[in-house]
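Novice: The structure under discussion is supplied below as structure tokens; questions concerning it will follow.
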Ligand SMILES: Nc1ncnc2c1ncn2[C@@H]1O[C@H](COP(=O)(O)OP(=O)(O)OP(=O)(O)O)[C@@H](O)[C@H]1O
Ligand SMILES: [Mg+2]
């Protein structure tokens with residue numbers, strides 16, 4: 001039997017909307033609206049994360065019981081659950097979008113595990129809420145598989161993220177115009193149960209300032225600090241200052257991790273930025289195959305490329321600046337907020353530099369290293385070299401006699417490889433010399449490199465293959481990938497194929513190179 005302890009502080013301590021239910025509306029003076037998940041025809045558990053279940057104290061027998069799929073498909077509540085949707089706004093693609101809110105996400109409650117840790121349980125795709133605007137509140141299987149697998153993959157890569165407990169098929173079709181070309185089609189629906197200590201986003205604060213509701217803004221700020229940042233000390237104003245700096249620092253570390261593993265979020269709107277510095281909202285995200293800082297996976301962003309890989313550090317700062325604007329009424333002067341934004345730059349620079357050093361097998365980068373580091377990335381881009389394979393294979397370079405051979409499989413085009421061979425070989429000579437100067441034994445260096453440069457990432461085409469099979473009723477690949485991503489830094493004999501560079505067929509295929517927001 002599923003038994004969890006709940007302590008729903010968000011709704012106990014913050015004001016709610018007096019109206020209940022999903023009638024679409026603007027909600028004023030409230031942080032949340034009570035709304036129940038809409039039951040689905042035939043909830044069926046397709047996959048679950050054993051690590052997240054263990055975290056929550058849910059045992060295997062409870063997972064296999066029919067009740068589990070019913071609860072996490074949205075058909076049944078257990079004692080202590082008190083579902084609601086949160087009110088938030090956001091800046092989307094650079095402009096203020098007004099009220100957004102959890103349009104299809106419903107929080108079931110805050111569960112407290114045996115260790116006293118607090119975890120919010122949130123269903124995504126559980127039916128409409130007051131914030132659903134004109135949409136249906138549902139999610140399709142393909143996007144739910146992507147969210148489920150990638151949340152867990154990111155966690156195991158060491159990237160801060162929301163987690164995923166379960167993937168439940170609804171047995172109901174969902175109508176989506178995947179290519180935005182006026183040809184909508186029915187697709188299978190699903191619900192993912194996401195898990196995080198807090199789902200509060202930058203947009204939860206922005207909405208109140210946009211409505212001049214300073215009292216509620218301050219209430220939410222102090223609540224967030226008390227519940228989600230209990231380690232912060234000081235008087236009320238000191239706490240707020242330290243908290244904003246902490247949010248900036250966490251965001252800096254988050255983005256540095258994305259850059260380290262080659263993750264492109266795809267839709268870094270302020271409503272998709274977690275106050276805890278977690279990766280949140282796995283929509284049109286993608287992974288860098290051939291290194292290209294200008295690449296964005298999101299078809300909606302293809303024109304302006306606002307959310308391209310190389311622009312993410314800048315966008316995070318822009319988003320934090322919008323958060324700072326929103327927080328201004330809660331601070332006596334803007335200075336503290338400026339200080340926080342500076343912390344973002346300092347911490348990002350430091351962390352990114354340390355991670356880049358580790359990727360190249362060094363303890364730290366010296367000022368004079370910046371030139372050859374930049375050259376490596378330029379060469380990778382020009383010669384169309386796979387980022388993940390390049391760094392992984394770089395560990396195998398023999399510093400006494402460096403050659404391009406260990407890197408061969410990282411190249412997408414033989415012609416480009418041959419064209420850039422002389423430049424690469426010259427670069428490798430300099431790199432090997434730098435490593436020799438460091439004097440570290442090769443074994444130690446390799447071990448460090450392989451702990452920061454993943455062997456397996458959830459390449460877009462891998463997720464798409466699993467989706468294609470799942471759509472035909474075969475979940476085996478979803479399960480295999482879930483198992484694969486649990487040890488992304490280990491060689492997994494027999495699974496080399498999942499480390500291979502993107503095949504040619506995937507270069508332009510929907511879901512593999514470009515993704516629409518339709519989900
Ligand atoms: N099918 C849908 N039904 C209702 N609301 C939706 C739907 N799709 C998106 N929205 C809402 O549109 C806004 C922006 O969507 P976005 O794609 O960022 O979020 P999302 O993928 O639904 O969810 P999240 O950020 O919770 O992961 C959000 O307010 C979201 O809840
Ligand atoms: Mg979102």
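Sequential numbering from 1, following the chain as shown.
Positions of Cβ are set from backbone N, Cα and C atoms, glycine also.
TrEMBL annotations: computationally assigned, not manually curated.
Copied straight from TrEMBL:
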BINDING   101, 103, 104, 124, 136, 137, 194, 201, 281  ATP binding site
ACT_SITE  271  active site, proton acceptor
BINDING   272, 281  Mg(2+) binding site
Novice: Whole-number answer please: how many Å between the C-alpha atoms of residue 101 (ATP binding site) and the residue listed as 'active site, proton acceptor'?
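Specialist: Cα of residue 101 (ATP binding site) to Cα of the residue listed as 'active site, proton acceptor' measures 8 Å after rounding.
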Novice: Near residue 194 (ATP binding site), how many other Cβ atoms are within 10 Å of its Cβ?
Specialist: 25
Novice: Identify which of the following binding-site residues, namely 104, 136, 194, 281, place a Cβ less than 6 Å away from any atom of ligand 2, and list them by sequence position.
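Specialist: From 104, 136, 194, 281, counting a Cβ under 6 Å from ligand 2 as near, the near ones are 281.
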Novice: Any idea which of the binding-site residues 136, 281 has the thinnest Cβ neighbourhood at 10 Å?
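Specialist: The binding-site residues 136, 281 were compared, and 136 has the fewest Cβ atoms within 10 Å.
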Novice: Out of 104, 136, 194, 281, the binding-site residues in the record, which is closest to residue 272 (Mg(2+) binding site) when you go by Cα distance?
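Specialist: Closest candidate to residue 272 (Mg(2+) binding site), judged by Cα separation, is 281.
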Novice: Cα distance, residue 271 (active site, proton acceptor) to residue 104 (ATP binding site), nearest Å?
Specialist: 14
Novice: Cα-Cα, whole number of Å: residue 136 (ATP binding site) versus residue 271 (active site, proton acceptor)?
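Specialist: The Cα atom of residue 136 (ATP binding site) is 19 Å away from the Cα atom of residue 271 (active site, proton acceptor).
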Novice: When DSSP states are folded down to helix, strand and coil, where does residue 272 (Mg(2+) binding site) land?
Specialist: helix
